[in-house]
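Peer 1: These came from TrEMBL, pasted as-is:
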{"type": "SIGNAL", "residues": "1-32", "note": "signal peptide"}
{"type": "TRANSMEM", "residues": "587-613", "note": "transmembrane segment"}
{"type": "DOMAIN", "residues": "587-848", "note": "domain 'G-protein coupled receptors family 3 profile'"}
{"type": "TRANSMEM", "residues": "625-645", "note": "transmembrane segment"}
{"type": "TRANSMEM", "residues": "699-720", "note": "transmembrane segment"}
{"type": "TRANSMEM", "residues": "751-772", "note": "transmembrane segment"}
{"type": "TRANSMEM", "residues": "784-809", "note": "transmembrane segment"}
{"type": "TRANSMEM", "residues": "815-838", "note": "transmembrane segment"}
Amino acid sequence: MSGKGGWAWWWARLPLCLLLSLYAPWVPSSLGKPKGHPHMNSIRIDGDITLGGLFPVHGRGSEGKACGELKKEKGIHRLEAMLFALDRINNDPDLLPNITLGARILDTCSRDTHALEQSLTFVRALIEKDGTEVRCGSGGPPIITKPERVVGVIGASGSSVSIMVANILRLFKIPQISYASTAPDLSDNSRYDFFSRVVPSDTYQAQAMVDIVRALKWNYVSTLASEGSYGESGVEAFIQKSRENGGVCIAQSVKIPREPKTGEFDKIIKRLLETSNARGIIIFANEDDIRRVLEAARRANQTGHFFWMGSDSWGSKSAPVLRLEEVAEGAVTILPKRMSVRGFDRYFSSRTLDNNRRNIWFAEFWEDNFHCKLSRHALKKGSHIKKCTNRERIGQDSAYEQEGKVQFVIDAVYAMGHALHAMHRDLCPGRVGLCPRMDPVDGTQLLKYIRNVNFSGIAGNPVTFNENGDAPGRYDIYQYQLRNGSAEYKVIGSWTDHLHLRIERMQWPGSGQQLPRSICSLPCQPGERKKTVKGMACCWHCEPCTGYQYQVDRYTCKTCPYDMRPTENRTSCQPIPIVKLEWDSPWAVLPLFLAVVGIAATLFVVVTFVRYNDTPIVKASGRELSYVLLAGIFLCYATTFLMIAEPDLGTCSLRRIFLGLGMSISYAALLTKTNRIYRIFEQGKRSVSAPRFISPASQLAITFILISLQLLGICVWFVVDPSHSVVDFQDQRTLDPRFARGVLKCDISDLSLICLLGYSMLLMVTCTVYAIKTRGVPETFNEAKPIGFTMYTTCIVWLAFIPIFFGTSQSADKLYIQTTTLTVSVSLSASVSLGMLYMPKVYIILFHIFPFCSWPSPAICPAPCPSSLSCPIPAIIFSSVPPRSHFLPAFPLLGFIHQLFHHVAKEKKKGGGESPPTKKPKQKLILSVFRSAASSWWPVCPCGLQPARPPYPSAVCPARPPARLALPANDTEFSAWVFGDGL
């Protein structure tokens, strides 16, 4: 090849020549042998057009060996599928008529470097040195046998092998159609432009596997890949698709070395167990690596722990799981959609050593398949291996199941045949056999025809290629199941752009049809939010929404509005129930009981006093202030009903008015009484004249002035802050929202309540002070001591009220406790006043029955009194006599005090303002004053009867009527008569 054209050709091939020079030491010497010499490393079938074939007849070798053990299904079945397809095409009068297809089939030994060495056979015809200028020693041209020209290659199986070979074939423009390589890298049309495949890319397979993982509700898986383009690219595609679709996280991504060391697979299983929650293992590995992984899992006693999901390299093959059925049980595998080719089953079952001599590896297959030896010399003594008889039959004397990729091998060969047929039709119209335009076949033109083929494959499936040379994605999904001791791959679904998975057909080890879990974290319960682990979206901690929070979405908790609380599962909010103190509440029983009894008792006292209004005991108690005090007591009891009634505008207004008013009325009346007693006795120390404002009218005026101050404050309060009811959601906003309640109440704060009751407390304290100051006054002097006891007890009640009321402000039962405490305290205060001030009088009125005659008017008492009746002397009441005081006179106060002041002044004048010089001057002064006062004011029994002598338990009048009372004659007798045993 001389001239300009020749140099251009060599310059274009210079990079290839440099590349091939690197592999020259590895090129087998047989490649240079002449035609007709047997090729022990390849199958050669003559034809008009030669197709190359690459098959993994043997596995990867170990310990420096290129090839390992024979692969029956993956190698021999697929190789025979190509031979079967060639026979069909050559015998088909409608496809490539008068053109015979030949073949050169090589063993890749499942190793990319070895496949590259072998594939140099396909380009020998293109790089063979031109011998036109070579002359023999005799001067004649040399005799050179040119190798067959390969126009296209079927294969390879592994993606890493196909990638290595595709880099060589594209330089020589030799089209390549793979039947099993699925690595996504091969879809790069800029790098592998002469590569096509009848199987879909792993991009589709990865999407299908991601869809399966999500359908099984797995979100945390590990990946396991064989080193090389197929495994690494497949895992990369799976990870990419899982990220795009979301919801699937990769726990670990483990790579199996190309040349694994001893114990490597045990280390891999140990590493996978580090993330024990990731029980789903995605495998993109070759058949040998899959088997070794399963063996390592069994050695680690992890049978049933891992759930395998294998790619199409596992598919439905029996070799990876042979005698490892229990470890592989439940494995889900994927395989491009296929159908069994029945014609191939008949063809392959009929193969024998006699009719299949073209397959140089068939004898090795025969020995391995039937466990026999063809040569007697190969038999070892003591071995159980028999000698082959050549009468064995495939499928009868050995198990047979069609390998999963047989259909695609046949489709690949037919795709090449249809492309050549279309090319011949266009370039050689009407010509029989090859025409000059197809001799040699142009690889670039052939590629265009390959990409445009569209026919029904051997199984009826459409065979087409897209712009990248990929077949459409159609997969069958299998599961390896054990039933009744037998194992089989069962179809459980399919994938064609979308997943169709029949989960009810799936069986899992140990759990039957229940889906196993492969998740990083358990799903959060309703009302819990996810707190994801940094860098791992599928791993999270579940944090409950606390307090009044509810779950907005998977990652957010939000607080409910102030008037709402979360539902039971905390997925939304619901209104907080509104409560109030009900009439039938246990908290209302005691207040209502006290109020009802108190009102009944008050009304009873009022009725009694009204009926006996003109009796001396009623008059002596100060009728006007007594009725005012009883009105205040009644309002105190009535306030309980207002406090329990449902709050509204009217109820809240009445609460403001009467809650403090009843107490103000009561304490204003008591304060007026104690103040009068105090002023009378204080005035008596300084002067004999009576103090001012002690008349009934004055006392009423003072009382109403004190009450009006309370009313004035209430009116100001109404103007500044009108009364209304509110729903307080903070009052019972407990830590646990289940017990939260909105309290319907009047808008009265604790400060407002203090101000409301503060004036009443001031009156109460002032009254107590006066009661203390008048504690030395005899108790019958206008109720000074009973009033004192009343105020002391009331103070104790309210001192107990303060810590109970304000100490429970944070309690969940604040409404009930405070309302009950307040009403009970008010009722107890009223009960103390009623019991100590009025009940003794009512008792005397009702059980010390007198003919209530007004002394000394005889018109009221016309007839003599019976001797059995008590003597109702208006000036003296004999009752409740202390042990050491028989003389407890209760004279009409003003008259007695006036006479007492008169005699005190008289005694002082008589003694010159000084006490007489006796042993007990004060005692004699008191006796003299009492003697003079008693002799002047002790009345005649009104009914003409003589009062009895001391003691006077009931003041019964005897039958003898004296004219006047006879007093003791001297001071000693008078002292004993008045004070019992003397002073």
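Each residue, glycine too, has its Cβ placed from N, Cα and C.
Give me the structural setting of these features: burial, nearby parts and distances.
Peer 2: Counting same-chain residues at least six beyond the ends of the transmembrane segment (587-613), those with a Cβ under 8 angstroms from any Cβ of the stretch are 581, 623, 626-627, 630, 633-634, 636-638, 640-641, 643-644, 813, 816-817, 819-820, 823-824, 827-828, 830-831, 834, 838-839, 842, 845-846, 852.
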Peer 1: Which residues of the chain, 6 or more past the ends of the transmembrane segment (784-809), have a CB below 8 A from one of its CBs?
Peer 2: 670, 673-674, 677, 750, 761, 764-765, 767-768, 771-772, 774-775, 777-778, 817-818, 821-822, 825, 828-829, 832-833, 836-837, 840
Peer 1: Given the transmembrane segment (815-838), which of the listed stretches 625-645, 699-720, 751-772 has the most Cβ pairs that are under 8 Å apart from it?
Peer 2: 625-645
Peer 1: At a C-beta cut-off of under 8 Å, are there same-chain residues at least 6 beyond the transmembrane segment (625-645) that contact it? List them, or none.
Peer 2: 581, 583, 588, 591-592, 594-595, 598-599, 602-603, 605-606, 609, 618, 651, 654-655, 658-659, 661-670, 672-673, 696, 699-700, 703, 819, 822-823, 826-827, 829-830, 833-834, 837-838
Peer 1: The transmembrane segment (751-772): which same-chain residues, six or more beyond its ends, come within Cβ distance under 8 Å?
Peer 2: 656, 659-660, 663-664, 667-668, 670-671, 674-675, 677-678, 706, 709-710, 713-714, 717, 721, 784, 787-788, 790-792, 794-795, 798, 822
